[in-house]
């Protein structure tokens, strides 16, 4: 295709219209619709009940009713059964392991792997995430439980002077369970209320770099907390700021008492699980289901522990008593609530953000949508209702969700079946796992965190792409490691918000020029084709204008355009003094005698004086500045506050005082409504100074200047 044919085939954009300003648009072109409905009518319409509204509300609250009646049994059931059994096999050892992180007996991890998963089947909107225990949330709960019920509260009096203090483990664990249950109740209430108030958007404040830095720090906390189980040493559990440092110090100082049998067994489990995980990753396309390495480790290590009497003969720590059956529902001890409010907010937001982010990833991959607000409601109900059955807070697990999806899970039926696998263990064969070594559970936890430690690869990638996001990642990681997960999350969110303020306070600004033959305006410093119009400066800043950056906006405007009203006023004052001096000299000339004039003519002085006067007169009528118009390009501005509006109005007055006209272009209708509400259009600022496009503003400024070429010195 030759160039002429290519040009003919292009879509052409041609328009012939008058130059528009805001005054013309308001009076001639755009007319607001009249809203005849009153507030009372709108409230009545919103609150009016109908069959359709009731049905929609029920279907929204119980998503299972939207897909279960049309569930394709032949196509989906087998896949869901295989996926559910596979996920349940993984969920069982993880429930036991993460209970250790939550500082409660292992059986409560099984309870938390049953009730919430069952409930999510009815209320959740994601088909692929696996609800249940999760390392980060479990560790946050454990930190609170240890803080509220430390070992020092349960020291039994020693019978002899040489005997060391003994901890009443049963009383301590019972108290920690109470703390975890009350905390879970409060987390559920917060998530449920946030869901009803449509607060699903709160997750946007947890940006991906923040979440990844935070979860990496959580992985460090988890690994450090498991070192004592892997080594078989007896050290206290720390919580709060610098708990990681205290925990590592305690383990290192007591490392000489390492139980060699425990360490060997733990290392064997670690290596085995790592190899199985690597094989599953390498051959995931060839394997029908992943190799269940965790359940193999649980069964084999339990058998070895039972057969060799590792607990009795080698002092290897084991899970201990696992009661058979489910506990009856009971009310949490609400007297503990006041001291848990801050922690519950942190856990509620982290749990929701982890769940909804993973749910959206799977929804995008498989072509369906998830409702963030309904996810909040679902998680809230799962936590709140389950807490009456002695569970601790849950969210979705990345490793289990990947198992559920990769093994062919199609719907929430897979999650339902995985919960039934856990139920079978709880009611029938839980006692079998009593000899399970704690070091094996520690190995399971550590290997499951490998994915989180791979997030360190984000650092070089973010260094190349975004230094600010790298700073968010590092602050979230360092703060969470050193200050604890609760304070660390708070610091990370605050820092992320500060970076947003920093970006709006330091926006990219430019002077624009016209690209010939187009309606485009681009940065003159960046593009060769962009050329400025004579006497016109077009200032662009990619930010809104509000209290935090209004001064910076005005200063940058003066710097970029090279037109400073204060300097021009100084020049004007200097000219005025020069004119006054000239006028005094002119009066003196009028009283000169004819003889003096003749004498000066003969000497050639009068000619020089007249030439000097002509030059001074030329200076008087010369404009103060070669720039007669400044156009503020507001196409990027989304809002303005009263401080910003006052700053812009003031700078327009300053420029008007030195004969430089300032107009606004590209202002959206919402921003114009805000300007109206702020009473911006008063005095010298009128709707005639606002234009819908930059080109409209340029044409008007050119036309206005061509009609007023006389410059008057005020």
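The backbone N, Cα and C atoms fix where each Cβ goes, and this holds for glycine too.
Look at TrEMBL and you will find 96-123 (among others) tagged as transmembrane segment.
Sequence-distant neighbours of the transmembrane segment (129-146) (same chain, 6+ residues past either end, Cβ-Cβ under 8 Å): 87, 91, 94-95, 98-99, 101-104, 109, 112-113, 116-117, 120, 176, 179-180, 183-184, 214-215, 218-219, 221-222, 225, 237-240, 243, 340, 343, 346-347, 350-351, 354-355, 358-359, 362, 379, 382, 392-397, 400-401, 403-404, 415, 418, 445, 448-449, 484-486. According to TrEMBL, the feature transmembrane segment maps to 129-146 (among others).
Residues or ranges marked as transmembrane segment in TrEMBL: 179-206 (among others).
Feature annotation from TrEMBL assigns transmembrane segment to 244-275 (among others).
The feature transmembrane segment is assigned by TrEMBL to 287-309 (among others).
Within its own chain, the transmembrane segment (345-364) has Cβ neighbours under 8 Å at 125-129, 131, 134, 136-137, 140-141, 183, 187, 190-191, 194, 200, 202-203, 206, 208, 211, 214-215, 370, 372, 375-376, 379, 383, 393-396, 398, 401, 405, 485-486, 489-490, counting only residues six or more beyond its boundaries. Among the features that TrEMBL reports, transmembrane segment is placed at 345-364 (among others).
If you look up TrEMBL, you'll see 376-393 (among others) marked as transmembrane segment.
Under the heading transmembrane segment, TrEMBL lists 413-433 (among others).
Positions annotated as transmembrane segment by TrEMBL: 440-456 (among others).
Feature annotation from TrEMBL assigns transmembrane segment to 471-502 (among others).
Here the domain 'STAS' (526-701) has a mean pLDDT of 81 out of 100. Under the heading domain 'STAS', TrEMBL lists 526-701.
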Using Cβ atoms only, state whether the transmembrane segment (440-456) and the transmembrane segment (96-123) have three or more pairs under 8 Å that are 6 or more apart in sequence.
yes
Region pair the transmembrane segment (96-123) / the transmembrane segment (244-275), three or more CB pairs under 8 Å:
no
Maximum Cβ pairs under 8 Å to the transmembrane segment (413-433) - stretch from the list 179-206, 244-275, 287-309, 471-502:
287-309
